[in-house]
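Peer 1: First the structure, which I've put down as structure tokens, then a few questions once you've had a look.
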């Protein structure tokens, strides 16, 4: 199986502008390619893992990655289908860009990667040069036909967001001309921007050897966006989302989803994935595929030590042990892996559920209690008026609060 065929088998290729050329280039040559990440937040999310995996697979084949962090395009914002983006300040955009670059350098440790920030060149273009030298090459009708733009026309789209496509096209042109980049990689929602970049290269450089490849967007089986956990974004930054929450998310994916995730989000070879698929069909209750997926992802974005902490945390939380069976070292670990909330005085259980984010409101917290889904340690609490006091603690300070089977928080006096 050729490298291109492996990418197709992994469901990592959705669109390419010239399949014959892309296959030839990826299978038989060394290509310099780029993938862009806009710093709209302080961290990447698990939704970016598909691009990161693609970069690693391309590297393993000998191709050369250029990672573009969009310090300039992050100031503008890629148009959303539903509403106008809130503009970032220059300070926030550059700070986010620095954070994301650091995050990617950690994940791509010991790999040969070139990092660039488009603020370096886009910020140098004055408005007259922008309109004369580049704007005249973009046809308004062509831009209006792009999916996101077309969806926003009824509700309205600003010229700022409308111009984003041009800026990303200039990125591809700049990297093609100055860094010898021939291929752009991006999610399928970026395909319109990728093809615009190919077009501007053709018009300005009089060449048609640039190539573009898009990966599919991952959705959960219910159609929701991949990486959402009860309406919470799963960030790769451990200070924003605990590694254990990500561990739990992937450990609980369905048998229907897990094999596709193994293909798209890990470097596990085809033989290993097919073996896991067979074992899942034979003994789904063992969840061997989910465990392999989870271990691979936590190792990639965090470390093997953190993976072991997550495994140990899982053992503690699902042991169904009596309160007196917990050891103090268990809580020292849980302080690192769970959402931890400090209090100085007694607190109503209803308030504690909201403050630990196990409930979004007091009314929801009361419903959880009525439904018998709330436990202190492993004991169900049925009283709406229950007050958490220091007498409920272990080792004079710890309260383990549980909602259902999968949601936990630690309260510390």
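In case you wondered, yes, glycine gets a Cβ from its N, Cα and C as well.
The feature L-tyrosine binding site is assigned by Swiss-Prot to 34, 164, 168, with sequence analysis given as support. Taken from Swiss-Prot, the feature motif ''HIGH' region' applies to 39-48. What Swiss-Prot records for 225-229 is motif ''KMSKS' region'. Residues annotated as ATP binding site in Swiss-Prot: 228. The domain 'S4 RNA-binding' annotation in Swiss-Prot covers 347-413, and the record cites sequence analysis as its basis.
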Peer 1: Tell me the Cβ neighbour count for residue 164 (L-tyrosine binding site), meaning other Cβ atoms within 10 Å of its Cβ, over all protein chains shown.
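Peer 2: Neighbour count, Cβ to Cβ under the 10 Å cut-off: 21.
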Peer 1: How many angstrom lie between the most widely spaced Cα atoms of the L-tyrosine binders 34, 164, 168?
Peer 2: 18
Peer 1: Take the motif ''HIGH' region' (39-48) and average the pLDDT across it for me.
Peer 2: 93
Peer 1: According to DSSP, collapsed to three classes, what secondary structure does residue 34 (L-tyrosine binding site) have?
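Peer 2: SS state of residue 34 (L-tyrosine binding site) = strand.
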Peer 1: For the domain 'S4 RNA-binding' (347-413), how many residues does DSSP put in helix, in strand and in coil?
Peer 2: 19 helix, 22 strand, 26 coil
